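Notes to accompany the following structure.
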């Protein structure tokens, strides 16, 4: 193993490794990718992800062996600019977007990425979820401005896809440290119920059943219905719901569900979907913290890359994905977090155990950004 490269085994946490490698400039080698599988090597969606990385960087070197079981990646400079990419429909656009959110602020030119494919599916975070919960997290760290937006131009449900989103993000020289230790109480719930290529009534049925659960807790609930028609509705039928609870201190906790893709398993009733999604949101509120479970790793990455000052963020119980992400941050940036478990006090026996994450940023500075 070379002194300044890292080697990993297997296909898990594939995006984490490539994203952190790109940001830290350390080359990475991933071997034994599904080598025991009947169909070994990289999947199409992973190859598509590598192509996207290649489009936003300049001078990356990527070598893959013949069977696709070994990948060598030497990151180039993050370049940005206008990028178009057709995402593989095995995974939704959210799979690719999660990584772009982590890289976008450190490009040389502001990024304008047009991604096509599946906007909503049951596996990955949907575009609506990222818009309503990941963007506010990034704003907390000072990534903001009029050019910071995520637009759904067309919806595409799995398995056919046909959706299109545009993500624009300004560049930042540095990331500011944050202190988010008190999420505050929930003040309102907002959401969007979407339906494509099915009766527009579906979305109304979802809203009604979700409200049936949430109205017991809170009066201020507004769920939009979004019914796209014609060419904007993608290639497959489906519906779903994304809901977000906003706290007094400006934290966003989110939950979502999408209908089962056409031809894959039992169909879902819109009433059940609305109710189950509302329960998922209540579970997310129970877990609590200033950042919801789907954006834990994004927040931890931005804390790591902050200026050389202390950042603190209160999170709910860490997801397995986040725990692995912390190990990778240690490998690539030599940053260790101080982790304090906080039990809820007796009089507020609300929610699960919280974890206060503290670290000193590496003082990452965007060397690619051209000085105007």
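Cβ from N, Cα, C; glycine included.
Whatever TrEMBL says is automated annotation, not expert-curated.
So that you can see what the record holds, here are the features copied from TrEMBL:
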type: DOMAIN; residues: 7-339; note: domain 'RNA 3'-terminal phosphate cyclase'
type: DOMAIN; residues: 182-285; note: domain 'RNA 3'-terminal phosphate cyclase insert'
Original post:
Which value does the mean pLDDT take for the domain 'RNA 3'-terminal phosphate cyclase' (7-339) in this predicted structure?
Top reply: 94
**OP:** Take the domain 'RNA 3'-terminal phosphate cyclase insert' (182-285) and count its residues per DSSP category (helix H/G/I, strand E/B, coil), listing them in that order.
**Re:** 34 helix, 36 strand, 34 coil
